[in-house]
Amino acid sequence: MQTRHRGLRALHLPVKPIFFSCKTKVRGDILIVVLLGFLLPDRAMGVLSNGRGSIAALVFFLVKFSTATEIPLSVQQVPTITKQSKLQVAFPFDEYFQIECEAKGNPAPTFTWTKDDKPFDFSDPRIIVSNNSGTFKIPNEGHISHFQGKYRCFASNKLGVAMSEEIEFIVPSVPKFPKEKIDPLEVEEGDPVVLPCKPPTGLPPLHIYWMNIELEHIEQDERVYMSQEGDLYFANVEERDSRSDYCCFAAFPKLRTIVQKMPMKLTVNSSNSIKQRKARLLLPPAERGPESSVTILKGDTLLLECFAEGLPTPQVDWEKVGGDLPKGRETKENYGKTLKIEKVTYRDKGIYRCTATNFLGWASHDFHVIIEEPPRWTKKPQSGVYSTGGSGILLCEAEGDPAPTIKWRVNGSPIEKNPFAGDVLSPREISFTNLQPNHSAVYQCEASNAHGTILANANVDVVDVPPLIQTEDGKSYAAVVGASTFLHCRFFASPEAAVSWEKVEEMNPLEGRRFQVHKDGTLQLDGATEDDAGQYSCWVVNAKGRAVVTASLDIRNATKVRISPASPRVPTSHTLELHCESQCDAHLKQSLRLSWSKDGEAFEMNGTEDGRVTIDGASLTISAVTLEDQGIYTCSAQTELDNVTAVTQVTILDVPDPPEHLSLSERQNRSVRLTWEAGDDHNSDISEYIVEFEGNKEEPGRWEELRRVQGEETTVVLPLAPYVTYQFRVIAVNEVGRSQPSRPSDRHETPPAAPDKNPQSIRVQASQPKEMIIKWEPLKSMEQNGPGLEYRVTWKPQGASVEWEEETVTNHTLRVMTPTVYAPYEVQVQATNSLGAGPEPQSVVLYSGEDYPDTAPVIQGVDVINSTVVKVTWSTIPKDRVHGHLKGYQINWWKTKSLLDGRTHPREVNILRFSGQRNYGMVPSLDAFSEFRLTILAYNSKGAGPESEPYTFQTPEGVPEQPTFLKVVKVDKDAATLSWGLPKKLNGNLTGYVLQYQIINDTDEIGELNDINITTPSKPSWRLSNLSSTTKYKFYVRACTAKGCGKAITEESTTTGDGGKSIGKIPEGVNVTRKMHPVEAFEPGAEPIVRVLPKSWVDNNSIFEDVIETRGREYAGLYDDIATQGWFIGLMCAIALLTLTLLTVCFVKRNKGGKYSVKEKEDLHPDPEGQSGKDETFGDYSDSDEKPLKGSLRSLTRDIQATESADSLVEYGEGEQGLFGEDGSFIGAYAGSKEKASVESNTSSSAAFPLRA
């Protein structure tokens, strides 16, 4: 086994105890190996070799000499001051105050104090002294001013005396202004005035304020100034300066005291002849002459002030003679009267000149600024531990201006009085040789100049002790793979000791660059690996003995971390989300902590910044990001053993900054070159530039786009129009969006020219026959090219060889009357201005005004497609009878009577329109088994022509609609009674019903469908028998006519078991209102049957039965007095109040004065004649007729006259039967409108299609 250390080779051999010491020099280092007779025999004998020879020595695996600088208190040592009060303390008025002095040493030190270099007497009973301490308290009791002075603490034991720095204790008196009578001051307007303050002395800092008796500050400006001494200066007084309460206040913050000077009265008399005068300095005062000197300490703040009187008020300027004022550290305050330079350095010394000037003259003063410095250490004497016979040197050097003087003390006494103080080689150096234990002492070095004194204690401890290891034995350490770790072996030893570390399991030397032993014995292990885990031993040996300590090292997996997404690019106002993904050793998970920072500044883990930043576990979210959020983001994963980080660059994208420095060049009549400089693209390349212009005389200030330019270009030639004063701006565009517009360019005016184009969109508009109102789009302001814009309009009949008629107008419309109706004309419109006419215009063909068609089509026939749809054919009208552009044909149709009951219907006209030139049309959604009439007319853009003669036709029977309801009114064990309602529309003569039923128990299988034909249409009920008990059935009922059966209505029910009875449920088609009706009492156990009959049904009534079984008498009392119960009365009152509120709301809405439809008003206030006519027309309704409901569905279209124009919403195609169902529904969509006869208009229904058959 061998180890190498700085060229030495150590071979370990078994040896016996021997005693000798060896000192050798290897590669410039001193290596001392001490072999002691009491070392264990299993240590190794080494051979030290430097190539020239070898010597035998006992060495450890790693040798390093070290002595701890901190002496354990278990070892005898001189006293050391550990704590003392500040160098200057002021006694507060209302509490205790203590002067501190703490020290350590062995033996424990005792404490004494001096006051003003004389022993301090602690006999005053008010002084409170702390045990085992030099600290004492001074209470605020009685007269304490005699405690004021300069104190020094001495801590001593048998080995030496430590001395504190001098502590000045101040017992301030309460500052007061003297009581004095201040004479009023009376001056003339324009005179200079100085109001003295002369504040009392007190504990600094001192703040001075000038205020009135109401504590309002006296305003200071160029004319009024308060000096650093507190005096108030007026360069020239004005009448408004007169007041009787000028008060000077002096504030002493440390004393928490503010005192006030007696008020001063200043009277300014107005003057008719105010004399102006040149500037004259009041500060510095004249007695100082033209120059003065100022001494200031390095690092302090320099304040120089100048104030001048004069009229007009002088201005003050500052300069440094032969140099410049220090930038960044100098400021001019109080309207330039004060020059302030912070943290002065030696470079700031020199001459500073203030100059006060008005137009009549000037005055100046030079300040010679001298920079000095209190003492400061350059080499402070250091404490040291020495062994017997050792030697050393104490150095003490200080700088300052003036240069400080150095004085040495030993144990608090001048060095000259100490019998052994070493050799003083110079004022700044003391040398020791052959030190002995009784030479231990405390040396004090004191450096002083005019600005202060500094003191340093240096301990000289002469000690011989074996090694004392201060690190606990068996301490466990842990490190992660790849990291550096430190195994401690802190010790104290005198004389110096050798330190060695070894790994117990391997007994191999710790060699290589990864291992390093520090001066205090700590082993530094770099780049830890899993093989480094195990037990370690630290050996410390000196001439007085040896000591050992063990330690164990565990190796953990290193923590890993990464941020996703990597290098994100986020537009402004969007949300940034970063996730920190970490992985660590299982033993470290409990200590894992994640944190985020940006550009080195940490985010609060559980806080937010303006509500935008949220940290949730490993995620960082920033909403509404701005450019300030761009930067380097770091996620730190910290465990008890390591701290790893991951970084990512977050780039914030934003719209570009506006382009800058727009310039115009190459100016031409019809073009100009525009050049600009690109702004910051904010991390997103500029894709294009948008050039806008402003110059529209009609819309000044409105910017329009002129040209787009690729992003790499910053210049463009722009096409221009004549007679425009242009101004341009540029907008940059990137992937985020558009920038703000740039600043506008200079204006560029183009000369006028003739128009380049003629008006577009020439059209005609006519409201009268033979009329032609010609209109066109006028030229925009940018298209006029010059002043005096007019339009030359020419026209003639199309194809006619006649002269063009012409008229010139300034607006964009012209009315022309023509001799014929709806005749084609060629029209031209040309633009002209003061410089000429535009290009040759193009002709457009326009038509003169239309008239109504003057003939009606002839109905050729009506073909019935099915019971609800017919096809109508007609002959078209001649083209010359249209008198305009034919838009289509209109069919007006209405129902005259029902063929079922023969009752006639009021005329409710429905309208269908068919566009274009056609001779047929399909009429859908007719009522089956009814009689209708229809007419047809042609219409053009002017309107509708005359109607044809009415044509009468009838629709055949159809299948009825499904019954209105189906109810199982009673169910027994093997039977069920069904009842149903008549269909809403019978669509013919009802011939009967088809009843079907089948079993539908809760399985996938269903039973056979059974049919029953009911040939008695007047009996809408049936009893089914021979049914299975406790079985679920589904029932189907269809109504039938000669045409066939309609859609079925269904119901389900379950038969009962033995002895059971059941009733059906109320069908959905029945509107039920719950009401109460009193009946006489029944005997208990009776089973009365309640029959419910529909009101106003005359025959074919469906009967609803229910069996009510009365209970025994013992239950009768539960409900006897319900009407007298309090809760019931309250409930009824609440219902009544709610009903009254709803009625009131309805009444208010009805009387708001809003707009109502005519039909709605008629329903509210029916006309008696119209109502009687309605009753006479319709007669009585039978039960087989359905009555229209109150508030039935209104028409989606308004009533219109037959002559009005109303286009169909859908143009019908070929009239194939396949487009319609048997029930008359149209497979598609259509729209209709109706017309009512004038006599019936007040009473007829407004539904688009009648609800009754």
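Including glycine, each Cβ sits where the backbone N, Cα and C put it.
Predicted automatically and left uncurated, TrEMBL annotations should be read as such.
The annotation domain 'Ig-like' is assigned in TrEMBL to 79-168 (among others).
The annotation domain 'Ig-like' is assigned in TrEMBL to 172-267 (among others).
According to TrEMBL, the feature domain 'Ig-like' maps to 284-358 (among others). Across all of the domain 'Ig-like' (284-358), the predicted model scores a mean pLDDT of 94.
Residues annotated as domain 'Ig-like' in TrEMBL: 375-461 (among others).
According to TrEMBL, the domain 'Ig-like' annotation covers 466-554 (among others).
Annotation comment: TrEMBL describes 559-651 (among others) as domain 'Ig-like'.
Annotation comment: TrEMBL describes 658-753 (among others) as domain 'Fibronectin type-III'.
Per DSSP, the secondary structure of the region 'Disordered' (737-765) breaks down as 0 helix, 9 strand, 20 coil. Among the features that TrEMBL reports, region 'Disordered' is placed at 737-765 (among others).
The feature domain 'Fibronectin type-III' is assigned by TrEMBL to 758-851 (among others).
TrEMBL lists 856-958 (among others) with the feature domain 'Fibronectin type-III'.
Look at TrEMBL and you will find 962-1059 (among others) tagged as domain 'Fibronectin type-III'.
Per TrEMBL, the feature transmembrane segment maps to 1127-1148.
Taken from TrEMBL, the feature compositional bias 'Basic and acidic residues' applies to 1159-1177.
According to TrEMBL, the region 'Disordered' annotation covers 1159-1196 (among others).
Annotated region 'Disordered' per TrEMBL: 1234-1253 (among others), in sequence order.
Where the domain 'Ig-like' (375-461) meets the stretches 79-168, 172-267, 658-753, 962-1059, the count of C-beta pairs under 8 angstroms peaks at 79-168.
Of the ranges 79-168, 172-267, 658-753, 758-851, the one with the most Cβ pairs under 8 Å to the domain 'Ig-like' (559-651) is 658-753. Sorting each residue of the domain 'Ig-like' (559-651) by its DSSP state yields 9 helix, 49 strand, 35 coil.
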